[in-house]
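Input: a single structure, listed below in structure tokens.
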Amino acid sequence: MSLDLALDIQHATTCDWLPTDEQFALWVTTAIGNSMNEAELTIRIVDSRESQMLNSTYRGKDKPTNVLSFPFEAPPEIELPLLGDLVICAAVVENEAREQQKTLEAHWAHMVVHGCLHLLGYDHIEDEEAEEMESLETQLIEGLGFTDPYKEQ
């Protein structure tokens with residue numbers, strides 16, 4: 001089964017390195033897998049200020065974060081392939097990659113996969129859910145040719 005993906009990538013900031021549209025599409029397609037035949041998704045790349053504002057508004061945390069996921073929930077009688085939105089803070093991803101001694105590409109891939117899994121309903125609040133989500137993330141990231149994102153360097 002192949003995924004018919006409509007991906008809108010919004011660049012609201014600049015940085016030294018960003019994934020290509022093709023990389024974003026590969027990572028989203030990998031994360032979504034066989035969960036759906038058709039999907040629409042927006043990835044918005046933002047600066048620290050916008051990330052902090054959104055994180056404060058929607059999560060009550062007054063600091064920028066790496067990725068925020070906003071799933072779209074249509075009324076039950078309406079079928080739309082709209083999965084939702086990911087908001088990724090380029091500066092946080094760059095800082096985390098450096099701190100964790102990962103390549104930017106590997107960490108961006110991880111953030112996209114992580115965010116997509118949230119859009120699909122996965123979470124990591126409870127320990128059991130976290131184990132399931134991290135296991136799936138690791139499997140998907142390794143399938144993309146990167147190392148386990150949770151393995152200590």
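If you go along the chain as it appears here, the first residue is 1 and each next one adds 1.
Just so it is clear, glycine is given a Cβ too, placed from its N, Cα and C backbone atoms.
As recorded in Swiss-Prot, the features of this protein are as follows:
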type	residues	note
BINDING	H114, H118, H124	Zn(2+) binding site
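Cβ neighbour density within 10 Å is lowest for H124 among the binding-site residues H114, H118, H124. Same-chain residues that are not part of H114, H118, H124 yet have a Cβ within 8 Å of the Cβ center of the Zn(2+) site turn out to be V67, S69, G115, L117, Y122, D123, M133, E137.
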